[in-house]
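To start, the structure itself, in structure tokens.
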């Protein structure tokens, strides 16, 4: 991750961030001096669930405030517990006749400050309890016998189910029981490629290249092990899951997972990993879970749940819903309802688990089939003429491949000749397979277009577009004027003119830009204007030749900075334009040999 | 950002990521060979809105599939356009009798491949149009006259409003008109601290330290300018907004913003920035908008909308809703409805804009006031005895400060003496202000606790907890037994015993751990057991002395690795435990001088 930041230090940043959250969530309010975000709509007849801790874990904690999750969140400075005064302020903003649950991660400062707040609130007559969240499995029982385990991202499952239960009107004892059972049935293990960096502070240390850290926490603590060289991603995931699930690991095995238990999976981004990788890691986790442990998660949640600033890491959490059922006598159905029910908490991820009844969808008729059935309809052409023309065009272009390649090597990336050859060989293969036998023009045009499209690249796309658009124009004319439509050179010229106009909507290249358009534009315009194929081919050739010494002005280069392309007086002609002209000349000649 | 990755290359990663998205969204389906994600519930009577482009921008594009936004998304490889065949597959999965809109960012490959698909689909009789999204303002009119402008994160506003209109049953022309008007009224400018890094590829280049890039795109292109040294964050935001809004910038000023126009603000994380900074940048943007441009956004959306893998950057987008109203004759009310209405697209952020009518909330009675009014009630003590005891205790502890500091410097961070002195001076100041005059025990205890709490730290928290809990125990007893309750040494011992038990719920430190608990535990246990303050103080002193040569085993150190604390035979006593014992001895002596 980057050690660069927009803010020079963390000073004032926590409150600025909370202001942002509250500004776009009208149901939330901010007590800025106490860094407390609270729900404006929490009803005092419902149990109040409050959480909090250090900042730097955004969207934790305040992103989870909203009916159906937290009534309030208390935020300390980066990685530092809020003070007791702040916790007391949170309690005062969301009072409850039903009781108050303070959900805390099990760090020393949080224990003490929330603990003190509990003692003070209890003295004021509040029914208030502390619920410790302790899902980390990186350290085993021996190492954590004094301190207890840390809270990591499965915390969010505690907050969601406990908050949902409160919203559904469950009483204090039941909310506590569910919350504690969620925690008792949740495990998390983290993994990271590096530490995070705090604005304005010395960098903690960089994890060496080709090394990852297993058992990483979210406060820049050292992890449990560093592993190098980096194993394959499946092996990393497999190692992580063993820490969560292995019943033989007597120092861990914190949660029992039985066959057929209903299990949820939560994947947390530490903040600096691309979503691109995170989503793929989720699938790998799902596959390893299935393969090694026969677990198919009933619910999957993927998000930045509880970050460590910009750390390039992630964690896997598993929640055994069946374990909660056994411990609380609450049915799986009810527990899943509590998990899936909507909440106003802005950071709880959207997901598809409320959409239970989907309409059956009929199998789609694929577009290819549609094309297939209509392709044989429409105008007929003389099979031998069109075959001869196409063969001659392809042969001419293939013969010119060495020149095309040479020109492209001088000014481009040298693959133009190969692309042209590929397109033409594709057409020839189709001709060999009897493409022209039926004389069905649309079928022939569709197949030629397909052969060009297969090769891809910008040149292929441009030729494909003009061919497809030309064909579409003729199809529309048939639809309008009937099957008897004759495709003469005039009609062809009109279709080519319109196809050119359509093509020019997709590329900004024009005449003088040193592209295939230098041949195509004069060709189509002449064909439309004069209805004479020979004159049109001449125009294409003239246009292609005009690209000699021309400067390139199009393509992605034009998006960036002030880098002008170089002008070269002795530049070769544009290989794409030349290829088009050569192809068209071959086509004309091929027609002639049959006429 | 990190150049390290969990995946060694991008091979296969795109499909793995799409599988993850679809696995947790049952209303979505995946055509894996074509990398198309589509809605299972799209109704063919509604306009089909499709988008797509290169991968590496997650959650774009597939995260926006869902009724009310996209019917399908087509995904290329990282930063590469999908092929025409893939686009055709998307069209085949979500056919529409009302028409198909292909929303594309204005890059060369997307133009060509989606363009070809449009031509082919049109030939098959589909009513299909291309909607280009071009919100970037980094490059002006001159530099983009050939290519047009790029699409950046305001794309999401196009997809949201166009998709919402389709879901609401608007016809093809109206959907297109709204979509085009959204694009015409949207501006975006990006900014980044560095480029992103693609797994398995050479690193593009690192932006130098203390430098940021203005006008950064999302494909690792060079930005418009690099600026060094880093200006203050307000200045960066101010510069960015000028590119979006300055009507004097004739080469830009792409969108007109009039006074009182309804404007929306969208803040996009490029993927590698901490949410911590992103939220704060949002507030800075809001403030600069207000100050420099008198714009107060009606809607604010903040998320990873359209990322550039793990780039540590962000963009600001502004949408002029009033401009859309003027252009389409659609009312602001309707346009905001389209923006706010729910969607099943998983990546559209939750926000509070549907909660229009909030119940008025009564001002809370603050907890401080509650304490104030009840503090004077309850048992009375002899004012001069308690004052003398507290003064003697504080004086003794302050006198011992040099020793406490010395001991702490040897084994800790040296601030314990200062903390103890601070607490005691706070108590003395309150005594000077007449704290004990009323003899109201609860008031005195609350204030002493407040003085301790103000200093903070672990020692302060522990003393505060036991004091607050002791006070709460007595309050509960009064509530139960009535105002006449006498607080004798037996009653005090019971309260202290229970307070100790409560405290032990918040800290794992026990006797033998070299903390203040080595004094507090024997003190409270003896006081409860023998109801004799003198004997209890002796026990505290003995416990404190026992910490000489003792090894520390608690605190955050215990969470990490295998680092054992060192044993030191000649270690000084624990400064916190000694401070507590000295305070208690002083308290006892002070009582004695009055008895």
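Heads up, the Cβ atoms here are built off N, Cα and C, so glycines get one too.
Sequence-distant neighbours of residue A:219 (active site, tele-hemiaminal-histidine intermediate): residues of the same chain at least 6 apart with a C-beta under 8 Å from its C-beta are A:54, A:79, A:107, A:308. Residues or ranges marked as active site, tele-hemiaminal-histidine intermediate by TrEMBL: A:219.
Annotation comment: TrEMBL describes A:54, A:55, A:56, A:57, A:110 as substrate binding site. Of all Cβ atoms in the shown protein chains, 28 besides its own fall within 10 Å of the Cβ of residue A:57 (substrate binding site). Under the three-state DSSP scheme, residue A:57 (substrate binding site) falls in the coil class.
What TrEMBL lists as compositional bias 'Polar residues' is A:362-376.
What TrEMBL records for A:9-348 is domain 'DhaK'.
Residues or ranges marked as domain 'DhaL' in TrEMBL: A:384-589.
The region 'Disordered' annotation in TrEMBL covers A:349-384.
Cβ neighbours within 10 Å of residue A:55 (substrate binding site), excluding its own Cβ and spanning all shown chains: 25. In the predicted model, residues of the domain 'DhaK' (A:9-348) average a pLDDT of 95. For chain B, the nearby binding-site residues by a Cβ gap under 8 A, listed in sequence order, are A:55, A:56, drawn from A:54, A:55, A:56.
Candidate binding-site residues: A:54, A:56, A:110. Fewest other C-beta atoms within 10 angstroms, A:54. Secondary structure from DSSP puts residue A:219 (active site, tele-hemiaminal-histidine intermediate) in coil.
Max Cα-Cα distance over the annotated substrate binders (A:54, A:55, A:56, A:57, A:110) is 15 Å.
Neighbouring residues of the recorded substrate site, listed in sequence order and excluding A:54, A:55, A:56, A:57, A:110, comprise A:53, A:60, A:61, A:75, A:76, A:77, A:78, A:79, A:80, A:81, A:219 (Cβ within 8 Å of the Cβ centroid). Under DSSP, residue A:110 (substrate binding site) is assigned to a helix (H, G or I) in the three-state scheme.
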